[in-house]
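Going by TrEMBL, these are the annotated features:
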SIGNAL    A:1-20  signal peptide
DOMAIN    A:41-144  domain 'Beta-hexosaminidase eukaryotic type N-terminal'
DISULFID  A:C71-A:C116  disulfide bond
DOMAIN    A:167-489  domain 'Glycoside hydrolase family 20 catalytic'
DISULFID  A:C276-A:C334  disulfide bond
ACT_SITE  A:E329  active site, proton donor
DISULFID  A:C507-A:C524  disulfide bond
TRANSMEM  A:572-593  transmembrane segment
2 protein chains.
Amino acid sequence: MKCMLHRSLLLLYLAVITSSEILFLAVDLPLKGKRSPPNAIWPHPQEIQISNDLLYIRPGHIMISSNMEPCDIIAKAIQRYQPVFFPPKLTMHQPPADASNILRSLTLNVLDNPQCEQYTQYNSNETCNSVWGLLRGLETFSQLIYINEQNYVVINDSVAIIDSPRFQHRGVLLDSSRRFLPVPLIKKNLDVMAYNKLNVFHWHIVDNQSFPFESRTFPNLSRQGAFSSDHVYTPEDVTSIIEHARLLGIRVIPEIDTPGHTYSWGKSMPELITVCWANGKPYQAIYGQHGEMEILNPIEPRVHSTMDALLREVKSIFPSNYIHLGMDEVYDLCWRSNPNVSRWMTDNKINSTRDLHSYYANRILDTMRNISAITIVWQDVWDEKVELPPGTIVQIWKAGQGYNVILSSPWYINYINYGHYRTNTTIVNLEFFKYCEVEPLRDFSGSDDAKIRILGGEACLWGEFVDGTNLLARLWPKTAAVAERLWSAASVNNSEDAQFRLDVHRCRLLRRGIPAQPILNGYCGNYELSMPNSMINDPAFNYDISPATDLTTTTIKSNPATSYLFDATSSMITSIFASLLLLINITLVTISFKY
Amino acid sequence: MKCMLHRSLLLLYLAVITSSEILFLAVDLPLKGKRSPPNAIWPHPQEIQISNDLLYIRPGHIMISSNMEPCDIIAKAIQRYQPVFFPPKLTMHQPPADASNILRSLTLNVLDNPQCEQYTQYNSNETCNSVWGLLRGLETFSQLIYINEQNYVVINDSVAIIDSPRFQHRGVLLDSSRRFLPVPLIKKNLDVMAYNKLNVFHWHIVDNQSFPFESRTFPNLSRQGAFSSDHVYTPEDVTSIIEHARLLGIRVIPEIDTPGHTYSWGKSMPELITVCWANGKPYQAIYGQHGEMEILNPIEPRVHSTMDALLREVKSIFPSNYIHLGMDEVYDLCWRSNPNVSRWMTDNKINSTRDLHSYYANRILDTMRNISAITIVWQDVWDEKVELPPGTIVQIWKAGQGYNVILSSPWYINYINYGHYRTNTTIVNLEFFKYCEVEPLRDFSGSDDAKIRILGGEACLWGEFVDGTNLLARLWPKTAAVAERLWSAASVNNSEDAQFRLDVHRCRLLRRGIPAQPILNGYCGNYELSMPNSMINDPAFNYDISPATDLTTTTIKSNPATSYLFDATSSMITSIFASLLLLINITLVTISFKY
């Protein structure tokens, strides 16, 4: 926490200075560096060699085949990338009539033991010869294709990439309690996560403000705890989000945050919530200490039976095996203020609210063991020395003591800053700089042993001031900086250079219909909202306007005559191998071209 | 500047403290106050009395008549408000069959001497019995109508409003040079300005980064100075923006910023720009002092002839009579560094760069006098004691010395902050608090004489980090706080109360298809992006998706049978008077209902 605060103070101080200096935004110090090429890959691969010569691609005609084709994950990915390869509104010319250097096909093969895995898991995904690595390779391939200034679709004629993620857990937290996030918006954000090779959606689904998760076991929780009957995730909604994520190689980890943050539960089940007292009266809030009633009551038996049933239901719905239990910000002064809780503690020889918290945690961890689920908690519970089982994952900013760790504090995307950060020689977008400069193993670990316990990190967007109007622009491309930090090598850490590559990647996101906000002066074609080629509201990308394009309901076209992507009539078969080779604990993706 | 900086430091300090306290966003201090009614008017009128009883309105059927109907401004306004009164995607029931309390018509009359004015001017608009006051009254009326929980369209049966703007100049600055802003986006933003009774669009149209204004006299300025041929405002574009604004009662004031901020001019006319020297070499940038070449060369005769011709063209295009000349951030060290300029200064007995700036300013002000245009400049030129003609308007943070003043420094919307501001008893959205708490006459004037020189203010959104992806969400509803400060009485200054009214107004903007971002936890129906009733991409509001609805190209339907709004077959005529009475220097808008 201290480290975090220092960091914020420093950066905000810089922001103040910067702001006062650039009141009218004069660019008196030119940007250093040069624009990146349009096929700069984000996040940066571990190794890349790229030629200068180009191949043409006939717009809408590249034959893709795979030894995984019966696998829905690959088949749907191939279809999904159609409008990505060939954006529907852009001008694309056929190659010159005499051109022979045309790339006509792409082969996506898992070389060893091809298996159609159904759901990505923590240790299996991307670290072996699997469909997940193939998905990441396909994304890389899609970033290599571009439309040149003469409006030809082109790709370099020789590209060798060896790639693998540095960290296994690369996530985004969204908060659907403070403001409701519509299902199409969540799915669209999953798409952008996949464009950035992120693989965990941490869904902070309920909190004090609302309970939008519709439980079959306890339907009143959302019936009375959601903002309205429109602001609810039905079981079908939840399933379709999980399915959408599954096809993108993204695990969905639900967070059922207890025992604090449960005000909305009390609307239907007040018996579960501790009534806070003050001055001899119940239902009293004291500023800075506790609200009126927002913490589960650990001495209430119905709390434990409810939690047991609810977690069983959650486990049965979410295939990820992980459940985030929250356990942050438990205002123990409320427990202490309640006469019944105090008496019970005396009777049961529980001397401190920390021990009471441990008591609660142990009951809930029993359930987690019984349902074979892996626990993730926020740092607070670990700071309080609550005893946790060894496999537990702590989401926080420092490691140690044998727990696995997910970093989040440096990447609270909801915190916004204006302006540039000045290096000695140039200026860098301040927010980008802040996220890009984090080095997990340098900044957030105590001992060598602790370092290997860092599983990865998450960008967190708390929902107070975000909803459909600004969520995508607020997250992107800032979160792409986090994605690169978690995917690429530690040596990829030059933010002056990276901001130009990110600018190119931001243009790529615009072309894919994502309203990612600008990070530099300038432009990137006429793709943005309200411009002639804008894809932002294009049905090919937007689930809102055209629900029929929803991945989870799309059927795969097999007739080449009507297919957008396949060109089975081509006589000249050119192949690209996207090969996955198994190495110990890393993924090796090789894309090589021939024509 | 000092005042401005103090203010920023204070607020950012608060932001840091707040951030560290609410790391996980616990709402331990409940919001004080209660939700405002759905018809809360923004900006708050000077006087309002409202009854409790309601009238029904038949969806799509209210007869609007006006003694100004041949006037295109009123006729098009009536048509424009159709989808505002009756949003196309919302469920609206017909009144119960036995209902007699139905409001069937609205009469919009200018009582004294009705005249169809063509263009709003500084002193004529809204301060007399005119079409402009009628437009503001129609906006107020539109905010009084709402759809209740039973899905009836209703309005209170008696409303008496006396209203007038506190300041005459209520503006928004957009910067189309650092990033290009597409024409439909600018028009949409003009719509939102009108929803907030703002009346000046300050168009910072060119700057160092690009020159998107296509001049007929100097077409190469944009041909070579714009980002690309797509990133240009053609004469037709400019005319259509002016026309769109005209119909909304908004003046467009162009800013042609010189002698600094002219790097983009040099791409086509390098002869106009001062070459900066350092260490005996030309074309040298020195960090913190000057760039390579970005300031007009005042000793170059072609500068003066070009400026004369360009300003004449600008004056002929923009009917507002005002031209903003910029004159900020003139890095005089570049002038000093240039041997030719130095020699010329010696030869002409000009001792300081301040006098050189005066020399330049006087040449350009000659032109302004010759073309009868009124000058606005940024504070810098006034700080430098450059002599300006008495009618000049200075855009800055303090008044005095006989110049008229426009306030902007407290309202730089591009500066972003996260979090809440804590009062003693509750919490208020920090950014909203910052803009809302400004009191022009208290915070920004020295003497009593100076106070009456404050013409108004402008919210400025500099374009470094905004474009079509985030401009509307970034501006709204924050800029609505500025709009209220400039329109409503000084006594309307309770930000704790106002944030709930603004929350309602924000929901209203969502219903009108504007992606205004949230300022509080919670929800406001299912209007937002990606939700079933979202109007954000509805053709009725979105110029991008359906250019045919563009106000400037719409023809007025006169056949009642096909009209959405008119119900001429109704036998029972109910009338509402929106009357404008002329008082000295204030507008009095009275809306009274009968049925």
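Here, residue 1 is simply the first one shown, and the rest follow in order.
Including glycine, each Cβ sits where the backbone N, Cα and C put it.
Applying an under-8 Å Cβ distance to chain B, the disulfide-bonded residues A:C71, A:C276, A:C334, A:C507, A:C524 reduce to an empty list.
For the domain 'Beta-hexosaminidase eukaryotic type N-terminal' (A:41-144), DSSP puts the residue distribution at 27 helix, 22 strand, 55 coil.
Of the listed disulfide-bonded residues, namely A:C116, A:C334, A:C524, the sparsest CB environment within 10 A is found at A:C116.
A Cα-Cα distance of 33 Å separates A:C116 (disulfide bond) from A:C507 (disulfide bond). The most densely surrounded of the disulfide-bonded residues A:C71, A:C276, A:C507, judged by C-beta neighbours within 10 angstroms, is A:C276. Mean predicted confidence for the domain 'Beta-hexosaminidase eukaryotic type N-terminal' (A:41-144): the pLDDT average there is 86. The secondary structure of A:C507 (disulfide bond), as reduced to three states from DSSP, is helical. Comparing CA positions across the recorded positions A:C71, A:C276, A:E329, the one lying closest to A:C507 (disulfide bond) turns out to be A:C71. Sequence-distant contacts (6 or more apart, same chain, Cβ under 8 Å) of the residue listed as 'active site, proton donor' comprise A:G260, A:H261, A:D380. Following the DSSP three-state reduction, the secondary structure of A:C334 (disulfide bond) is helix. A Cα-Cα distance of 54 Å separates A:C276 (disulfide bond) from A:C71 (disulfide bond). For the pair A:C71 (disulfide bond) and A:C524 (disulfide bond), the Cα-Cα distance reads 36 Å.
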